[in-house]
Amino acid sequence: MSEVNLKGRKVTVHDMCLRDGMHAKREQMSIEQMVTIATALDEAGVPYIQVTHGAGLGGNSLQHGFAPHSNEAYLAAVCGAVKQTKVSVLLLPGLGTMRELQSAYDCGARSVHVATHCTEADTSPQHIAFARKLGMDSTGFLMMAHLNTPEGLAQQGKLMESYGAQTVYITDSAGYMLPGDVKARVSALRDVLKPETEIGFHGHHNMGMGIANSIAAIEAGASRIDASVGGLGAGAGNTPLEAFVAVCERMGIETGCDLFKLMDMAEDIIFPIMDHIVRVDRSSLTLGFAGVYSTFLLHTNRVSQRFGIPARDILVELGRKKMIGGQEDMIIDTAMTMAKERGLLKDATAGVAP
């Protein structure tokens, strides 16, 4: 797979089960499930785990869905249960607030991904600076990275670094990129960032490229990799952590994780709680192929049934329109327009929930 000798390379793994995995669970995860998963990850030697609503701090909303518990309740329970693992949170400026970040810190979170669209790093300076003030491990998280050029992403990453980000992430939110795309973007970042600023990669498995793309990122200089046990996450899931760690062991890349414990955890804990099999299927593959935000999958499946338009057709149109995270309302708008054009919808209000 790799033309570069990566033997001895150290990589910090960040598990996404308890945040990105919330999307696959329609935000319906109990505190008991959270604690069980977090404890197993801790015992397997995973250094970082992310815990919030799928949309991050402030995510409980009509648009993003309501979890049965607050972020604070989840965080307090998980932070109180783990011994070695550090707990992180996701924060999207404009959705999550600095007050909520302070609350997360008070609950025990010590790391944060401050996430923006790949062209909007300039919305993050206050949140990154506040995270640094709290003493948190602070990451700038550039989402939908395929929609910006390597050079453009490098400049966005440089901005985040200037605000205080200690790590900058290339985030393949759509699972669209191929290894060459990842290498080009990570290399461009590495060329402009300070040597001490780390680079991370967050992949989705929509085209089955999560592991290959993560290895490509490491080849180009990334030292932090997001993944999820069992691939539990939006779309076809995140890079499956246990498979990624197995590949790393074969290549001599050091993760510090216990492979067999992760394998057992995927089989015994994660797979049984899945509401549906998180895999590459017709719809999730279309997400990757069309470059659509991975969290749109379940929303689109529901809208497809309501309007009688194949989910694949809706996703392709959303990709053509370059819709991004936060524009979930456009799924309904797009499906309604397509239904009208196909003569499936006479009444402009038909199919709209009261």
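Quick reminder: no glycine exception, Cβ is built from N, Cα and C everywhere.
The feature domain 'Pyruvate carboxyltransferase' is assigned by Swiss-Prot to 11-263.
Summarising the annotation, Swiss-Prot assigns substrate binding site to Arg19, Asp20, Ser173, His202, Tyr293 and lists sequence analysis as the type of evidence. According to its DSSP assignment, Tyr293 (substrate binding site) is coil.
Residue density at Arg19 (substrate binding site): 28 other Cβ atoms are found within 10 A of its Cβ, drawing on all protein chains shown. The site 'Transition state stabilizer' annotation in Swiss-Prot covers Arg19, and the record cites sequence analysis as its basis.
Taking a C-beta cut-off of under 8 angstroms and a sequence separation of 6 or more, Asp20 (substrate binding site) has the following same-chain neighbours: Gln50, Gly54, Ser228, Leu232, Gly233, Ala234, Asn238. Taken residue by residue with DSSP, Asp20 (substrate binding site) is part of a helix. Summarising the annotation, Swiss-Prot assigns Mn(2+) binding site to Asp20, His202, His204 and lists sequence analysis as the type of evidence.
Per Swiss-Prot, active site, proton acceptor is recorded for His23. Here the Cβ of His23 (active site, proton acceptor) has 27 other Cβ atoms within 10 Å, regardless of which shown protein chain they belong to.
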Intrachain C-beta neighbours of His204 (Mn(2+) binding site), sequence separation six or more, cut-off 8 angstroms: Asp172, Ser173, Ala174, Gly175, Gly210, Gly233, Ala234, Gly235, Ala236, Gly237, Asn238, Thr239, Leu287, Gly288, Ser294
List of residues, in chain order, with Cβ under 8 A from that of Tyr293 (substrate binding site) and at least 6 apart: Met144, Ser173, Ala174, Leu287, Met323, Ile324, Gly325
Cβ within 8 Å of the mean position of the Cβ atoms of Asp20, His202, His204: remaining residues of the chain near Mn(2+): Met16, Thr171, Asp172, Ser173, Gly175, Gly203, Asp226, Ser228, Gly233, Ala234, Asn238, Thr239, Ser294
Taken over the domain 'Pyruvate carboxyltransferase' (11-263), the model's mean pLDDT: 98
All-chain count of other Cβ atoms within 10 Å of Ser173 (substrate binding site): 31
